[in-house]
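TrEMBL annotations:
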{"type": "ACT_SITE", "residues": "Lys40", "note": "active site, proton acceptor"}
{"type": "ACT_SITE", "residues": "Tyr261", "note": "active site, proton acceptor"}
{"type": "BINDING", "residues": "Arg139, Met309", "note": "substrate binding site"}
{"type": "DOMAIN", "residues": "240-366", "note": "domain 'Alanine racemase C-terminal'"}
{"type": "MOD_RES", "residues": "Lys40", "note": "N6-(pyridoxal phosphate)lysine"}
Amino acid sequence: MNPQAAHAGAILTIDLDAIRSNYRLLRQQAGKASVAAAVKANAYGLGADQVGPALAAEGCRHFFVAHLDEGIALRPHLPATAEIFVLHGAPPGTERELIAHGLTPVLNSLQQIEAWHALSQTLERPLPAIFQVDTGMSRMGLPAAEAEAWLANPAFMKSIPPLFLMSHLACAEHQGHPMNASQLARFQSWRQRLPHIPASLANSSGIFLGPDFQFDLVRPGAALYGIAPVAGAANPLRPVVALHGRIIQCRTIQRGDHVGYGISYSATEERRIATVGVGYADGWLRSMSNRGVAFIDGRPTPMVGTVSMDSITLDVTGIATERLQAGATVELIGPHRPLDDVARLAGSIGYEILTDLGRRYHREYIGG
Ligand SMILES: *Cc1c(COP(=O)(O)O)cnc(C)c1O
């Protein structure tokens, strides 16, 4: 569903050329490593059916989704030569469906390895997979004891040829964080026991930790979509999304008048208030109440009052009336208000803002 531009409360612009340009920059940054793309959660909310082919056209051949169904949905949009890896592995009993849809699991537990091994026995052929080891995040991947059990059984090596040995970094956006070196050391020690298997450790931020972290395959998501990879440093990536909300109506309020649920804003003098058709149901987080700023022709207009389900209210005092007509647009994410700034104001991160972007927006894709 893509609501018509004239019907929608906001226009979301997604720049596929910027995603391609970010992919090229990451490829430069990643040296000898191949560059995969994390396109889970519908390519971070931006549309895996659009983003996937744009990246494939740029030469990307490794794609990561989280869920089986994300892989099934993505398969028809990618060339047959592109590999789709399912980060969560095959849910118990679904192993055959991965095969049927040309998907490859990331195996995270001994249970998943055993199920994949059993299918390989039944089909009487090897079934390659990625193996993920836990190097300190305690979230996904083989705990040390399960990794030992995997390595101790030579039958697994035959039935499941490892495509990559993989792990994931917990603190990569903080370049000086001791966890990075600690996880790298643990990863290296697993790798020494499997020296001939290609390896993959880095997400977007991990790429910027330098060549030691890059191995054979890097797996950026956020950076492709314009999110800054290094905390506290300038963002070298091109912005990908812009969001323009539409004005529904305007009014003048007087000293002592209130705005919105809970009357969390009260005017101390005459103000002009514009109501815009974007709310928390569209992923404009309620924590932005009385915090955000929208821009009209580059001029800041503060958000006043509480974010409602379907609308927000702006103090547009001093903006020309012609510019405040119903249907006119205000910049919520764009050149004056980058995604990462919006996230900071919301007390969130760019990842969450992107993956929450509303389904009621009209979506416009540029390039591709
Ligand atoms: C989401 C994810 C990525 C991509 O991470 P970014 O920080 O968005 O670059 C890479 N690897 C794994 C295992 C992931 O879950």
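Backbone N, Cα and C atoms are what each Cβ position is placed from, and that goes for glycine too.
On a Cα basis, Met309 (substrate binding site) lies 11 Å away from Tyr261 (active site, proton acceptor). Comparing local CB density within 10 A for the recorded positions Lys40, Arg139, the maximum falls on Lys40. In this structure the C-alpha atoms belonging to Arg139 (substrate binding site) and Lys40 (active site, proton acceptor) are separated by 17 Å. Between the alpha carbons (Cα) of Met309 (substrate binding site) and Lys40 (active site, proton acceptor) lies a span of roughly 26 Å. Helix, strand and coil content of the domain 'Alanine racemase C-terminal' (240-366), in residues and according to DSSP, is 26 helix, 48 strand, 53 coil. In this view, Met309 (substrate binding site) is surrounded by 11 other Cβ atoms within 10 Å of its Cβ, with every protein chain counted. Per-residue pLDDT, averaged along the domain 'Alanine racemase C-terminal' (240-366), amounts to 97 for this model. Around the Cβ of Tyr261 (active site, proton acceptor), the number of neighbouring Cβ atoms within 10 Å comes to 13.
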